[in-house]
Amino acid sequence: MELHSKYQVVLVWVMLLLPTLCTSQDFTSSRATYYGSPDNYGTPTGACGYGEYGRTVNDGSVAGVYGLWKSGFGCGACYQVRCKNSQVCDEYGTSVVVTDYGQGDRTDFVMSPRAYARMGRNPDASQELFKDGVVEVEYRRIPCRYGLNNVVFKVQEQSSYPNYIAILVLYVAGQSDITAVEVLQEDRQQWRPMRRAYGVVFDAANPPRGELMLRFQVSGRGGVYWVQAKNAIPSDWKAGQAYDSQVQLN
């Protein structure tokens with residue numbers, strides 16, 4: 001009976017510790033710092049190519065990454081990041097969207113000031129984190145959430161109608177990476193690959209005339225698969241304009 005009781009005690013301890021162990025295993029240890037910004041938001045000149053979207057998405061809680069850059073395929077990924085000093089650090093931490101490439105002192109995250117401050121328990125604690133400059137953190141990937149927003153194709157300003165088009169894929173929800181984009185060559189009924197120019201900018205010289213039907217390759221928890229836009233980019237597309245795909249990811 002005594003031996004049985006000991007086993008019961010051990011079992012109870014395992015059951016109590018299991019949630020903590022599982023939670024810890026979800027996170028990866030690293031370091032984080034921040035970059036200067038006049039308004040505490042992100043930068044519109046990030047290496048992902050997002051422009052103004054990269055400055056304000058997720059209420060300006062954005063980050064440049066190093067090990068998670070993945071040659072640009074890491075752009076748009078969302079992460080929960082929390083610092084480890086329980087005296088000053090908020091239990092949840094902050095959520096960031098990857099909008100840039102950035103490397104600090106052995107860091108994986110170089111955050112906008114808004115994102116970095118949100119790791120603190122309160123304003124005074126956030127100031128302590130800023131004084132430290134670099135903090136020990138742990139992070140995990142989380143689904144991006146954009147409410148009712150569909151995936152949007154933005155025609156980049158450097159595009160030149162009708163001979164050259166460069167696009168960004170915005171509002172990619174869930175835990176998915178966009179790894180390729182193709183445009184339909186309608187006269188041949190073939191999908192034509194677009195070149196990944198940099199970050200998440202895909203381009204094509206001499207694109208097909210008429211409406212542009214696009215599909216994009218998604219890599220995520222569900223594997224690798226193609227998603228075709230339900231709405232085409234119109235034949236008279238314009239640089240700087242954004243076009244709704246009528247598709248949502250989750």
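Each Cβ is built from the backbone N, Cα and C atoms, and glycine gets one as well.
TrEMBL does not curate its annotations; it predicts them automatically.
Summarising the annotation, TrEMBL assigns domain 'Expansin-like EG45' to 45-149. The feature domain 'Expansin-like CBD' is assigned by TrEMBL to 163-245. The signal peptide annotation in TrEMBL covers 1-24.
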Helix, strand and coil residues within the domain 'Expansin-like EG45' (45-149) as assigned by DSSP: 27 helix, 32 strand, 46 coil
Mean of pLDDT values spanning the domain 'Expansin-like CBD' (163-245): 95
